[in-house]
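Taken from TrEMBL as is:
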- R38: pyridoxal 5'-phosphate binding site (BINDING)
- R60, S61, Q68, R276: substrate binding site (BINDING)
- K247: N6-(pyridoxal phosphate)lysine (MOD_RES)
- 429-449: region 'Disordered' (REGION)
Amino acid sequence: KGKCPEDGWDESTIELFLHELAIMDSNNFLGNCGVGEREGRVASGLVARRHYRLIHGIGRSGDISAVQPKAAGSSLLNKLTNSVVLDIMKMAGVQAVTNCFVVPMATGMSLTLCFLTLRHKRPKARYIIWPRIDQKSCFKSMITAGFEPVVVENVLEGDELRTDLEAVEAKIKALGAENILCVHSTTSCFAPRVPDRLEELAVICANYDIPHIVNNAYGVQSSKCMHLIQQGARVGRIDAFVQSLDKNFMVPVGGAIIAGFNESFIQEISKMYPGRASASPSLDVLITLLSLGTSGYKKLLKERKEMFSYLSSELKKLADNHNERLLDTPRNPISLAMSLKNLDESNDAAVTQLGSMLFTRQVSGARVVPCGSVQTVNNYTFKGFMSHANDYPCAYLNAASAIGIKKQDVDIFLKRLDKCLKTFRKEAKQEKSVNEMSDSNATTEQLQD
């Protein structure tokens, strides 16, 4: 039926299935005589076994989704993977999605492919309107495609950084709709930035007849992010949304899903991919979803949401203990931020040092964001880089509750963070005592004089 099974398969069943697909490829035929330049020959048996002897990859030279006659098994694998992934996307919250395909590139390059496809539809366009998010790959995706990003700064509402809709519309009017390739929005992001106002942006795009591409990098795991995409497509215009395989399905880095609501446009994107492609990302995600089943994936989504609530409440307690606060970002369903105001005020280098301390203590994924850092990316200079704003009010630390996180991860992280912050407080107290002693000695000397 081309759908993800309700209950996951055991490993031996999955392996049997993959071996059955592999013997449908010509390179595995007993009497095969290959006289072409690409015959699926593999020098190493270890490499062949690693890929279950599915060597031909996916697609043909003109279309990544096309069937390859001498690789019937690999082609079937590709079709099944795209069908199963589409089923999961609907289950995760975007019921209206009509088509998707797995592409063997990470999110940034997959976004580039979308922009290059739009180039043929809008040959005059040279600008992409981009509500600012301080993440290099989505910014570089526009540069690599040959377009000029028009950065729209976010507005601060409480602790949250949100889309400036008025500024987006003002840019469209100033540049002219025909000169704009698309609006490039974001769902999943580091707090205190929150998902873009997708519904409102989708309406603006529909009103001005401008395409809309959504960077949904790790948004499949969030019902809130998926709901925003569903609603945006319902009330306005969303042409395609792109998500990472590794961040959402716990597979190795190297693949993404390009999905949309207009079947022909998604097919156009797949035809834009030059040449054949590696089947590894498709193979990885198919094995994973067959292993989990829809019930297993739903369980992971539920656990992630529960861990987000747990991380939020425990991080708030820790922040209070250190005279800091958990930033109030209720619209961000995955990432949290804790202020580091006292640390920043006591020592300029302390915030960055905290990040190093956590990393050497084997805490990965937590980010510390100092105030006022400046970074240049492809000749564009960003003030306050990593904080998604020129002048965010305080330094802070990020932590995320992503799919697969366990209670043990949260508990160990909090314990190590607490220990690091206590070390800084102890050092600050000692420094204060030394300064007070120095002042006292100076006063005594003045009295003696």
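Each residue, glycine too, has its Cβ placed from N, Cα and C.
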Practice prompt. Specify all same-chain residues, apart from the site residues R60, S61, Q68, R276, whose Cβ lies within 8 angstroms of the center of the Cβ atoms of the substrate site, ordered by sequence.
Written response: G57, I58, G59, G62, D63, A66, G275
Discussion item. Fewest other C-beta atoms within 10 angstroms of its own C-beta: which of the recorded positions R60, K247, R276 fits that?
Written reply: R60
Worksheet entry | Distance [Cα-Cα, Å, rounded] between Q68 (substrate binding site) and R38 (pyridoxal 5'-phosphate binding site) | 12
Worksheet item: Could you state the CA-to-CA distance between R60 (substrate binding site) and R38 (pyridoxal 5'-phosphate binding site) to the nearest Å?
Response: 12
Item to complete: List the same-chain residues at least 6 positions away in sequence whose Cβ sits under 8 Å from the Cβ of R38 (pyridoxal 5'-phosphate binding site), in sequence order, or say none.
Response: H56
Worksheet item: Which number gives the other C-beta atoms within 10 angstroms of the C-beta of Q68 (substrate binding site), all protein chains shown included?
Response: 19
Fill in: Cα-to-Cα gap, K247 (N6-(pyridoxal phosphate)lysine) vs R276 (substrate binding site), nearest whole Å
24
Worksheet item: For the substrate binding residues given in the record (R60, S61, Q68, R276), what is the largest pairwise C-alpha separation in angstrom?
Response: 10
